[in-house]
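**Student:** Before I ask anything, let me first share the structure, which is written out below as C-alpha cells.
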Amino acid sequence: MPVITLQYDDLEKLTGTDKETIIKRAPMIGADIERVEEESIDIEFFPDRPDLYSVEGAARAMRGFLDLETGLSKYEIKPPKVSISVSEKILRIRPFLGCAVVRGIKFTSSSIKSLMDLQEDLHWGLGRNRKKVSIGVHDLSNVKPPFRYMAVDPGFKFVPLDYTEKMSMTEILEKHPKGTRFAHLVRGFKKYPIILDSDDNVLSFPPIINGTLTSVTESTTDLFIDVTGLGEAVYTALNIVVTALAERGGQIEFVKVVRPDSGELILPDLEPKTRFLTKTEVRDLLGMELSIEEIVKQLERMRFGAKALDEETIEVKVPAYRADILHNYDLVEDIAKGYGYENIKVKIPETYTPGKSHPISLLRAPVNEIMVGLGYYEVMPFTLTSEKINFENMRRQKTDDVTYVLHPISEDQTMIRTTLLPNLLEILALNQHRELPQKIFEFGEVVNNEITGQHVAAVSIHPQANFTEIYEVVDALMREMMLPYEVKESEDPAFLEGRRADVYVNGKKLGVFGEFHPEVINNFALGYAVVGFELDLNDLIGQS
C-alpha cells in the first residue's frame, strides 16, 4: 500500500486545522500512521482509496470528517480551448485516452513532488504498473495545440525526459531507465503510441516516458494532462489528478477529444454518479438503527452528496474521483467511518461458534511450505484473464468450460481463468528488469464449468532452465506430500514435444510439467528458457 508523506504546513493550510488534530483524526478516514516527524507525517492509505494518495485529496477528506466542509465538492470547469485527435491505428494498441487542462497553478518544489508522487502512486494503485493506466503531466506553455494521439514507427526520434540528445523509441526502450523498466508494455507492437503537438513536438511516449520539452518546473502555471490505458480506469485517474490540482487553486478546463470510433468526448467528466440507499440496508449491515437525518449527515461528512427522498430512501451523489464505490455496501462502510467505529456499541454474539481451518487451508499450508523450501516465491495474481492469455498465448485450443464476465470493463479481463500457468508467465514478463533466476508459484483458484477448483503451479526462468529441473521439483513435491505417482508422455501444446510429461495419481491425470514451447515464450515476450508445472489438487482436499 502507498505511504504518503504529508507536510504539516501544507496540510494545515489545505485543511484549516492544526497538526495535533491531523495526527489524532487521520486514521479515521481510512489510513494507518506509519511515522510522525517534526515537519511531516507518513500515512499509509488503503489501496481502495486512490483519491487519498495526495495531500490535496487527504485534506479534502479530512475537512469533511472534521465538519469543516461537508457534502459534495463542486469544481467549476471552463469551456475547452484545447483539442486532441485520436488516430484509428492507436485503438489497437492503447485505446483509451483522457485529457484535461488545469490553469493558474502556483507551484513550489514540494507541490511538484506531491504531484509526481500522486502520479506514480496512481500508476501502482489504478494502473497495474502503467499497464492499465499511465499519466503524463506537461507544461502547456511549451507546446502548441491541437494535439494528436497516434501510432508511429519505432525509429521515430525525440529527446526524452532527463536527456539532452534525441533517441529513437527503440533506443529509449533499450537504454533509458524508464524504457527498460516498462518496455514489456509495448513489446510486440509494430508501432508505438505518441502524443504530438501541431508542430510535431513530442509531449509523451505513453506509457513509457514524457518528452523533455514539457517538463514541469516551479515557473509552470498551466498544465496539460494526458491519461492513456486499456479501460475506463483512465477517466477515474484523470478525475483524481485534476480535482487534486483544483484543491490547490487550479482552474480546470475541458479538452475536446476527437475519436474515430465514438466522435467527440468532452473531458474531464466530473458529474457524480447517483445511487439510492435505504435506511433498511444501513440497519441490516451495521446492526444498529440510525435516523434518516443521521445517515445523510454521515454521508456528507464523507464528502458525498446526500438527500432524503422520504423516510426510507436517500439519494446519494458519488464523487467522480471515488473509484471504490462499487456497491451500496461501500456507502454503508463510509457511514460507519463517519459515525465512528468507536461509537458503535459492542454486542456479544448469543451463540457459541468455534472456528476451525478450512480443508483448503489445511492443504495449502503444507504445499506452500514445500514450494518455499524448494526456493520458489509465492505470488497471488488476479483470477480474471482473457482468451488471448489463457488460450492463444499458451498454444492451447479454446474449451467450452469457460466462465465469462458478462460486462467486462477491459479487454484483458473477460473471463475467469481455467489454469494458473498463464498468470505466472505474465508475472515473469512484468519482472524482466529483475535478476535471474526467477522462481515463482501459486496455490490458487481456477474455474471450469462454473466449478471452482484448487491448483498449484510454478514456473522458473533462467538460461539453463530444463526438463530435469522441473521434474525434480514435481518429484520433491509429490514425495513430501506422500503421493505415489507416475509420469506419461504428454501432448500439451504449451510445452516442447519430448520435454513434457503428464502426472498421474491412482490412474487419474493430476497435471503436466515440462519446458515451455518457444512460441509460448515468445508470446509472453520472455527472453530465456522457461519451465513449469501445474497440478489439480481438488481430489486431495479433505484428505489427512
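Backbone N, Cα and C atoms are what each Cβ position is placed from, and that goes for glycine too.
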**Student:** Going by Swiss-Prot, D330, E333, D334 bind Mg(2+); tell me which of D310, D324 is listed for that site too.
**Tutor:** D324
**Student:** So for D330 (Mg(2+) binding site), how many other CB atoms are inside 10 Å of its CB?
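**Tutor:** Result for D330 (Mg(2+) binding site): 15 neighbouring Cβ atoms inside 10 Å.
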**Student:** Just give the helix, strand and coil counts over the domain 'B5' (270-346), going by DSSP.
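**Tutor:** DSSP classes over the domain 'B5' (270-346) add up to 33 helix, 16 strand, 28 coil.
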**Student:** Within 10 Å of the Cβ of D334 (Mg(2+) binding site), how many other Cβ atoms can be counted across all chains shown?
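**Tutor:** There are 21 such Cβ atoms around D334 (Mg(2+) binding site).
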